[in-house]
Amino acid sequence: MTESSLKNVLVVSFGFLLLFTAYGGLQSLQSSLYGEEGLGVTALSTLYGGMLLSSMFLPPLLIKRFGCKWTIVISMCCYVAFSLGNFYASWFTLVPTSILLGLGAAPLWSAQGTYLTIMGNTQAEKAGKVGRDMVNQYFGTFFLIFQSSGVWGNLISSLVFGQTPSQEAIPEEQLLSCGASDCLMATAPTNSTQRPSQTLIYTLLGIYTGSGVLAVLLVAVFLEPIKDAQRKREGDEGPPFWSTLLSTFRLLGDKRLRLLVLLPMYSGFEQAFLAGDYTRSYVTCALGIRFVGYVMICFSATNSLCSVLYGRLSQKTGRAALYALGAVTHLCCIIALLLWEPHPRQLAVFFVFSGLWGVSDAVWQTQNNALYGVLFEKNKEAAFANYRLWESLGFVIAFGYSTFLCVNVKLYILLGVLSLAMLAYGTVEYLEAKKVARPAAAEQAKPAEGEETETAM
């Protein structure tokens, strides 16, 4: 990497690191901090609803109008608004700022992807290298830095909330309603012994808001704007907006995509369960809110380590083996969570579950993206738009029913969706294998026919 391109990759990476340190920490705490009437999970549900809408319309419009750099800056401001909304948490502040964040999320990620791709290709052209390799290197650097945001955000929340003066023991009768048997926690206020003082909550929100503002300033001041050289050469403005929108839905005509919509949807379901239900009904209920951050650090750390590992492994084992690993790990976790009765004495178990959840989640995050990229190479934009669309839908549904279903019912739903998604994925692999086998069989048949005609003569 040349100096200027390295600087730009680092500016984007650290900007996202600062922004998501705040957002990741806030997301993990929504369900525990604002349990009254299910405000926290409703905010998360509307947030992903906003993301769902914006992934259909906004990214191409904003990037065309403002360019990648300023799209990133504008979208980041939507995230800062959400941190500010948390200062006076009510239905009138949290829900509108969640919608705003959701609308900013899709353009933010599209602009980041477009920026790194254009820069990688431009750089490769100058250096006479393969574009794809350079782009992969840039994304690798970005995700390595970005993935650690989960660790920092949750570490800050645990350190701040750990300063609560007296930690009273959690009463035994409350422990009976933790875990899979939790039915009322979603709407009942979390008991007062666990809620941190308002001063500590304001301290945490102050740190998070500051982190977000720093991210905006970093990108606005130090990131160089970029032009898409390829489009300028071809004198092409890019496809008109409506054709971009329609291509997203037109791609659903592909049988393989119809089978594969369950994978991103399940990814939304399982992440929502971890962020909304595991943190509240297991961790906060049995250990107290100050442990949420530490338990989520364990998830983030295993997730980022495995993401790096699977990138190397998939070249040796192929993707089907990794999908099997992810599915079996989640299957075991779900069954164990149905049977387990959480108790403060079993502290290590809380971390084992979040660690194993990270091991599987890394499979879905790395392999789903790769799978969509490989199978729909000619329609990449439409494929990834579909991916975000179905994943957001999974989040919206899971956070939506979070307030009125028991935890064991949610676990059975996860079990069902996982089984169906794996069945559909297996079918796609089978179809792909048959497609590869067919031309090979035809090739073998040709010489055989030739020999027969010779003997006949």
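Numbering starts at 1 and runs along the chain as it is shown here.
Quick reminder: no glycine exception, Cβ is built from N, Cα and C everywhere.
Per TrEMBL, the features are as follows:
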- 40-58: transmembrane segment (TRANSMEM)
- 70-91: transmembrane segment (TRANSMEM)
- 97-118: transmembrane segment (TRANSMEM)
- 138-161: transmembrane segment (TRANSMEM)
- 200-223: transmembrane segment (TRANSMEM)
- 287-310: transmembrane segment (TRANSMEM)
- 322-340: transmembrane segment (TRANSMEM)
- 346-364: transmembrane segment (TRANSMEM)
- 385-405: transmembrane segment (TRANSMEM)
Per Cβ pairs under 8 Å, the stretch of 40-58, 70-91, 200-223, 346-364 packing most closely against the transmembrane segment (385-405): 40-58
Recorded stretch that, among 200-223, 322-340, 346-364, has the most CB pairs under 8 Å to the transmembrane segment (287-310): 346-364
Long-range Cβ neighbours of the transmembrane segment (200-223) (under 8 Å; 6 or more residues past either end): 7-8, 11-12, 14-19, 21-23, 25-26, 33, 69, 72-73, 76-77, 79-80, 83-84, 86-87, 153, 156-157, 160-161, 163-164
Considering the transmembrane segment (346-364), which listed stretch of 40-58, 70-91, 322-340 counts the most C-beta pairs under 8 Å: 322-340
Beyond the flanks of the transmembrane segment (70-91) by 6 or more, those residues with Cβ under 8 Å of it: 12, 15, 19, 22-23, 26, 33-34, 39, 47, 59, 62-63, 97-98, 100-101, 103-105, 107-108, 110-112, 115, 202, 205, 208-209, 212-213, 215-216, 219-220, 223, 225
Distal contacts, the transmembrane segment (322-340) - CB-CB under 8 A, six or more residues away: 179-180, 270, 278, 282, 310, 313-314, 349, 353, 356-357, 359-360, 362-364, 367, 408, 411-412, 414-415, 418, 422, 425
